[in-house]
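Have a look at the structure below before the remarks.
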Amino acid sequence: MGELRGAHVPVLLERCLELLSPALDRTGQTGRTVYVDATLGLGGHAEAILTAHPRTMLVGLDRDTEALAHARVRLARFADRVHLEHAVYDELPDVLDRIGHPVVDGILFDLGVSSLQLDAPDRGFAYAQDAPLDMRMDQSRGVTAEEVVNSYSHPELARVLRVYGEEKFASRIASAIVRERDRAPITSSAQLAELVRQAIPAPARRTGGHPAKRTFQALRIEVNRELAALETALPAALDRLAIEGRMVVLSYHSLEDRLTKVALADRVRSKGPIDLPVELPGTGPTFRLLSRGAELPGEAEVAVNPRAASVRLRAAERLDPTQQQRQRTDRERYRRQVRAMHQPGTGSAVRRPVSGDDGTGTDEEGEGHDD
């Protein structure tokens, strides 16, 4: 286990605690709640949750064995409430079934590359450091970035850079990679970063940060199958939340945030026919959004933790179906009273019953209202 460089600052820690705490404060019949950190990393968020909620049990997942080792040390004082697993987040349902916690109360996804991985000089994630082209979050399995850049065809490389890096010079960069590897294999992050810099037109290099940023992001996503795993993991995680359970997702680029937005929007919309006067049982929203769109970090957060600059937070809570049914009944009773009022010979005033704001209203983009 390598030494950590600098202090680890969990991103949007106070906001995550604020959003997850209502779900973790409910102990129910078992006398405890279960919190899943699907991307445990160095355990900063988990430590804060366990400290604030002494009746909460942690299930922590991470594909990086080095991160798990650091987190195990950090969380040692909570050992009787901690269960750590070497797993990717799309394996969450299998993990929960195996350990006997099929339903949980809170889930956090803190996506992207971790501080440990960025700072480790031998992992190859950072374009500012010279290191072997590895980029695997789990160094025990999978292909490396070196294998990708030296074996993928030009069309395959261009697709990866264009789709996962949103790189507009994808084809030019892919051509430069193919030309260079024909002379000698590309083996280091510094070699690749310089190759990308030279492939991008000079005017474009002067804006948008380091020229290799998008290429390194794209290769990392390809190597670790990040988006494919996330697309599977988000709906599966929502399915495992208890009533009034909550999930928070921190994403760091538009592709992650888009998948999160789609997964949540699917659960906060009615599935019933739009032309029916009433909502059919089982077709209403099953979740409500806890944030208005994607929340951004404040200036103070970014000043303390510059790596939080690109974060986008989204959160949702599972609704109680019995409460939803009561609200549907109230709405139907009101409609009947209105119809009766407009019948010949009636003239009594109708007062609409007051129903609680369930926060399920969304626009076409899937955005909701503040909690």
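Cβ coordinates are placed from backbone N, Cα and C, and glycine is handled just like the others.
Given the structure is predicted, the values throughout are model-derived calculations rather than measurements.
Over in Swiss-Prot, the protein carries these features:
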type	residues	note
BINDING	Gly43, Gly44, His45, Asp62, Leu96, Asp110, Gln117	S-adenosyl-L-methionine binding site
REGION	315-371	region 'Disordered'
COMPBIAS	360-371	compositional bias 'Acidic residues'
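Residues Gly43, Gly44, His45, Asp62, Leu96, Asp110, Gln117 are the ones the record ties to S-adenosyl-L-methionine, and the longest Cα gap between any two of them is 26 Å.
In this structure, the binding-site residues Asp62, Asp110 were compared by how many other Cβ atoms lie within 10 Å of their Cβ, and the smallest count belongs to Asp110. Leu96 (S-adenosyl-L-methionine binding site) carries a helical DSSP state (H, G or I).
Gly43 (S-adenosyl-L-methionine binding site) carries neither a helix nor a strand DSSP state and counts as coil. By neighbour count, meaning other C-beta atoms within 10 Å, the densest spot among the binding-site residues Gly43, Leu96, Gln117 is Gly43.
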